[in-house]
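Some features that TrEMBL has for this protein:
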type	residues	note
TRANSMEM	69-91	transmembrane segment
TRANSMEM	111-132	transmembrane segment
TRANSMEM	153-170	transmembrane segment
TRANSMEM	190-211	transmembrane segment
TRANSMEM	223-247	transmembrane segment
TRANSMEM	259-279	transmembrane segment
Amino acid sequence: MNRTDAAEQIEEQGAWPFVTLRIWRRLGERLQQQWHARHHRKRLPPPETLLVVRLPLLLSRGLWLPSKLNWWIGVIFAIGATLFAAASTWTLWPELAAALSLSPATVNATYFAGSIPFTTAAYLQLFQAANAGEFGQGKPLRTKLFAWRPHDAGWLSCLLQFIGTILFNFNTFDGLLPGLTWLKQDLLVWIPNFVGSVLFLASGYLAFIEFCHAYWAWKPENLSWWIVAINLAGCVGFMISAIAAFVPSGGASSAATTIATAFTLQGAICFFLGAVLMLPETAEADGDELPASQSAFDAAS
């Protein structure tokens with residue numbers, strides 16, 4: 001039976017051109033159900049169950065859920081963010097690096113090491129989005145390593161983030177090269193950093209509107225809103241850092257370097273918090289493969 005024979009769609013919402021909320025009901029029934037794009041993509045329960053007031057309980061439940069892909073994504077992102085935060089801290093306060101006998105090369109290597117978990121977690125999110133299934137169609141019959149869904153805000157967010165992390169791999173690896181001139185620093189380090197940060201910013205905003213179903217919304221009572229909002233703040237921090245990191249022909253000033261590093265640290269802290277908050281979000285879905293509303297719709301399809 002196809003979806004249109006079994007159910008009636010009542011309303012669609014979303015920041016144009018995306019549809020991220022659908023309200024529907026089975027034919028012959030009055031009960032309305034909701035489909036939320038982000039919660040469908042990540043196999044989470046309805047947003048109204050993910051309340052900040054329940055955070056302590058959910059966090060305690062979410063500390064160890066290795067059977068959940070969302071848990072791994074959160075943990076791996078948190079590892080990458082921790083390494084970026086550590087390297088930024090050592091750069092801002094070199095006396096700490098000296099106390100730990102860390103050379104500038106070791107600090108730069110820490111940035112590169114942090115970029116690897118970022119890329120790993122970003123691909124896992126892209127993989128998850130590729131296998132979420134279209135609205136009303138259930139899970140794909142075969143697992144996909146990649147899909148093409150440019151009409152899907154969540155998938156597009158994951159794709160841009162993944163490409164951005166690859167550019168950060170190049171950016172941080174090139175930062176290990178000794179004796180770079182100002183021009184080579186801009187070509188090999190700054191350009192990948194700047195483009196990657198633009199992609200991160202676009203990705204973060206797409207994730208935000210995917211949850212909010214609008215260009216802007218204030219929903220601080222909801223845990224998922226905090227995740228996308230904090231991650232967006234981290235993307236803004238990385239963007240400011242990238243702008244400040246441009247190296248002119250006379251060399252970068254100490255003030256510009258400090259600003260760039262400080263906003264890298266701010267971005268890393270935000271990404272760490274966003275990643276850690278994914279653990280209690282995952283805990284609420286523990287034992288539930290699909291939100292109840294989506295399961296009902298798939299059963300009717």
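Glycine is treated like the rest: Cβ placed from N, Cα and C.
No curator has checked TrEMBL annotations; they are predicted automatically.
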Cβ-based contact of the transmembrane segment (259-279) with the transmembrane segment (153-170), 3 or more pairs under 8 Å: no
Cβ contacts under 8 Å made by the transmembrane segment (153-170) with residues that lie 6+ beyond its boundaries: 14-15, 18, 20, 37-38, 41, 112, 115-116, 118-119, 122-123, 125-126, 128-130, 132, 147, 188, 192-193, 195-200, 202-204, 206-207, 209-210
Cβ contacts under 8 Å made by the transmembrane segment (69-91) with residues that lie 6+ beyond its boundaries: 42-44, 62, 97, 100, 102, 107-108, 110-111, 113-118, 120-121, 124-125, 128, 261-262, 264-265, 267-269, 271-272, 274-279, 281-282, 285
